[in-house]
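Per Swiss-Prot, the features are as follows:
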BINDING   8-15, 21-22, ARG60, 87-90, LYS98, 114-115, 183-184  substrate binding site
ACT_SITE  HIS9  active site, tele-phosphohistidine intermediate
ACT_SITE  GLU87  active site, proton donor/acceptor
SITE      HIS182  site 'Transition state stabilizer'
Amino acid sequence: MPKLILCRHGQSEWNAKNLFTGWADVKLSKQGIEEAQSAGKKIYGNQIEIDIAFTSLLTRALETTQYILAGSDQQWIPVYKSWRLNERHYGGLQGLNKDDARKKWGEDQVHQWRRSYDVRPPRESEEQREAYLKNRRYQHIDHRMMPYCESLKDTLERVVPFWTDHISQHLLDDKTVLVSAHGNSIRALIKYLEGLSEEDIVGYEIKTGAPLVYELTDDLVVKDKYYL
């Protein structure tokens with residue numbers, strides 16, 4: 001039976017400081033490391049054998065993947081990394097304190113940017129974009145595909161093709177797959193997997209460092225789901 005494990009990265013340093021993160025590359029906090037280690041132990045304790053893992057290009061997800069595989073004694077499995085699993089790009093909000101953003105733009109506007117399905121935040125500056133284009137981790141990507149900012153809908157539109165072309169192919173081979181990613185890239189996958197409405201998915205909360213297991217039928221219909 002195909003099995004999918006979705007795990008949002010552990011708490012990051014910027015999560016702890018209440019900052020918009022997006023594509024900004026930050027490490028796990030001490031609490032985040034403990035969450036990721038705990039996730040690995042839960043997978044080990046439930047005797048789940050992972051065949052392959054997918055993660056983003058951002059350090060907090062990469063670290064979470066490493067801690068999960070170490071904690072479950074499966075460091076040797078193949079791990080594939082893709083920018084398509086990156087967090088939603090928060091554009092000009094990245095690096096800003098969320099409370100300060102509310103004071104500047106108002107509670108309603110910030111809530112709309114954060115929780116609407118198809119509303120984008122302000123674009124990042126050309127200087128910010130130039131820094132991303134020069135970053136070695138993104139050198140292999142067509143720069144025309146690099147976002148200035150994203151809505152949840154935009155995030156879904158880059159995540160689902162990666163699911164179809166890569167992740168789902170291993171599940172169709174009856175494998176157990178780990179996806180260690182981010183709140184919004186995982187939210188996009190959940191919307192697609194469960195067929196949730198736009199209204200339902202924007203309010204869907206995803207815990208940090210908590211493995212969410214999907215048991216799937218042979219044609220990848222959700223049979224059961226549960227947190228470890």
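Note: Cβ is positioned from N, Cα and C throughout, glycine not excepted.
On the structure: features taken from Swiss-Prot.
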{"residue": "ARG8", "record": "substrate binding site", "contacts (Cβ under 8 Å, 6+ apart)": "ALA181, HIS182, GLY183, ILE186, ILE206, LYS207, THR208, GLY209, ALA210"}
{"residue": "HIS9", "record": "active site, tele-phosphohistidine intermediate", "contacts (Cβ under 8 Å, 6+ apart)": "LEU28, GLY32, ALA36, LEU58, ARG60, ALA61, GLU63, THR64, SER180, ALA181, HIS182, THR208, GLY209"}
{"residue": "GLN11", "record": "substrate binding site", "contacts (Cβ under 8 Å, 6+ apart)": "LEU28, SER29, GLN31, GLY32, GLU35, THR208, GLY209"}
{"residue": "TRP14", "record": "substrate binding site", "contacts (Cβ under 8 Å, 6+ apart)": "PHE20, THR21, ALA24, VAL26"}
{"residue": "GLY22", "record": "substrate binding site", "contacts (Cβ under 8 Å, 6+ apart)": "GLU87, ARG88, HIS89, TYR90, GLY91, LEU93, GLN94"}
{"residue": "LYS98", "record": "substrate binding site", "contacts (Cβ under 8 Å, 6+ apart)": "ASN18, LEU19, PHE20, VAL110"}
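ARG88 (substrate binding site): 28 other CB atoms within 10 A of its CB, across all protein chains. Considering other CB atoms within 10 Å as the measure, the emptiest surroundings among the recorded positions GLU87, HIS182, GLY183 are those of GLY183. The DSSP secondary structure for ARG88 (substrate binding site) is coil.
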